[in-house]
């Protein structure tokens with residue numbers, strides 16, 4: 001079975017034998033309900049370090065719900081309940097002895113719509129470090145420069161650090177939000193449709209940034225854009241009706257999917 005997807009180009013990479021990468025998140029038999037709505041069903045999925053893992057699927061399939069479960073943001077909805085296990089670095093994130101604040105220092109998040117605080121660029125980046133007790137001006141200055149460089153936006157903003165973040169373009173705001181995430185030195189970055197509100201040029205910059213960031217971070221990205229998933233990810237999971245239909249190397253999923261439902265989705269027969 002060979003899927004032909006219009007305008008989707010997968011990365012052409014040579015196969016090089018390397019040691020297996022460590023598992024960052026190991027999800028085992030995860031089920032989640034919103035009240036009576038069974039939103040995630042028996043999810044089993046391992047996410048590896050220094051890779052970009054894309055999650056694709058039609059609207060309402062559970063992509064964003066799963067993403068927000070990885071840092072327990074989903075618990076902000078009072079009617080949520082879960083069964084199963086998600087291990088982060090071999091520690092169950094649902095364990096009552098695991099403070100959610102600690103988890104979120106390791107697992108940062110970038111949202112669909114850029115959401116800078118109504119503060120200066122400098123204050124946006126230093127917000128997280130200050131919450132964690134860093135007050136030294138020299139240290140904060142270093143964090144700001146390192147984070148903005150990490151988000152590939154230092155040269156654009158270095159002379160505007162005390163300007164209000166609302167004065168930035170949409171693409172700049174999103175990269176500022178990525179810098180704000182980097183400032184707390186996370187291990188994993190979750191991205192929920194990070195380019196859906198951006199123009200093509202800004203989207204390209206964010207995609208290029210993601211490729212750089214995976215050298216130091218593990219990235220999980222939810223996207224409706226299959227072309228984007230094919231361009232930037234190492235592995236892709238296809239969700240449908242709250243289930244993982246297929247999870248494999250991105251090249252394989254987009255060229256030789258093993259499940260007919262995957263082929264039907266990526267070739268546009270539904271979605």
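Glycine residues also receive a Cβ, built from the backbone N, Cα and C atoms like all the rest.
Here the structure is a predicted model, which means the values were calculated and not measured.
These features come from Swiss-Prot:
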DOMAIN    25-266  domain 'ABC transporter'
BINDING   57, 58, 59, 60, 61, 62, 63, 64  ATP binding site
For a quick check of packing: other C-beta atoms within 10 Å of the C-beta of residue 62 (ATP binding site), how many? 22
Counting other Cβ atoms within 10 Å of each residue's Cβ, which of the binding-site residues 59, 64 comes out lowest? 59
For the domain 'ABC transporter' (25-266), report the average pLDDT of the model, please. 97
Across all protein chains shown, the binding-site residues 57, 58, 60 give the max Cβ-within-10 Å count at 57
Three-state secondary structure of residue 64 (ATP binding site) from DSSP? helix
Near the Cβ of residue 63 (ATP binding site), how many other Cβ atoms are there if near means within 10 Å? 24
CB neighbours within 10 A of residue 61 (ATP binding site), counting all protein chains shown, number 23
